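Undergrad: Please see the structure below; I have some questions.
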């Protein structure tokens, strides 16, 4: 949500799509809310490569597009990006490349270094870097990081084979964090954030200077601000999507 209307952040239902985003998609959600990034987008003129690189991008992406529509070209390769190359020594039963056999809603674009194919299924984003020599029907191999082991095949797969269980508390934390961040950017108070997330009755029953609910809202808004102001970059990699507490990796030894 980045609606300029001051109460656009109130409906929790507006953030349900966040439950189905992965780390790189969430990184975009936090970045696009940064007031300075939105200012750079409004002032863009001609080639803005140097400006974009300050934000970790090859080029500026429209902050008015949420993660379901935007395709930011990150300078840092996102986690779980799978490379697909022609197989130079294919076996008789080698997998042949066919983009239409990859399950999900697909989008193909050039991100500055190579063609990238994204495929979205509820609860999962998949990203593929396509080699220049790759063509329809040629035998292919896919290469990922060791920690990406277990990725399903990229051809002849059924959508149900890529399904995921229902979202857990970690991803719910991201939805709440983004809603609290939008509220903060709109000038809302901590109490107003708590009422939107937990209801007026719960807030009336447990809202005072030392209440656990108030402390939770304070941590939530701090977490959102930290992720917006650069913390989003760690979401591109293999870091956990959901952190229960405010987490700043720069404070580690």
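The backbone N, Cα and C atoms fix where each Cβ goes, and this holds for glycine too.
Please treat TrEMBL annotations as automatic predictions, because they have not gone through curation.
Positions annotated as domain 'Transcriptional regulator-like' by TrEMBL: 9-58. Per TrEMBL, domain 'DUF7011' is recorded for 80-125. Here TrEMBL flags 166-237 as domain 'T6SS Transcription factor RovC-like DNA binding'.
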Undergrad: What is the three-state DSSP composition of the domain 'T6SS Transcription factor RovC-like DNA binding' (166-237), stated as helix, strand and coil residue counts?
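TA: Split by secondary structure, the domain 'T6SS Transcription factor RovC-like DNA binding' (166-237) comes out as 56 helix, 0 strand, 16 coil.
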Undergrad: For a three-state summary based on DSSP, what are the helix, strand and coil counts in the domain 'DUF7011' (80-125)?
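TA: Summed over the domain 'DUF7011' (80-125), the classes give 3 helix, 22 strand, 21 coil.
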Undergrad: Restricting to the domain 'Transcriptional regulator-like' (9-58), what is the model's mean pLDDT?
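TA: Summarising the domain 'Transcriptional regulator-like' (9-58) by its mean pLDDT gives 91.
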Undergrad: Could you give me the DSSP helix, strand and coil counts for the domain 'Transcriptional regulator-like' (9-58)?
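TA: The breakdown for the domain 'Transcriptional regulator-like' (9-58) reads 32 helix, 1 strand, 17 coil.
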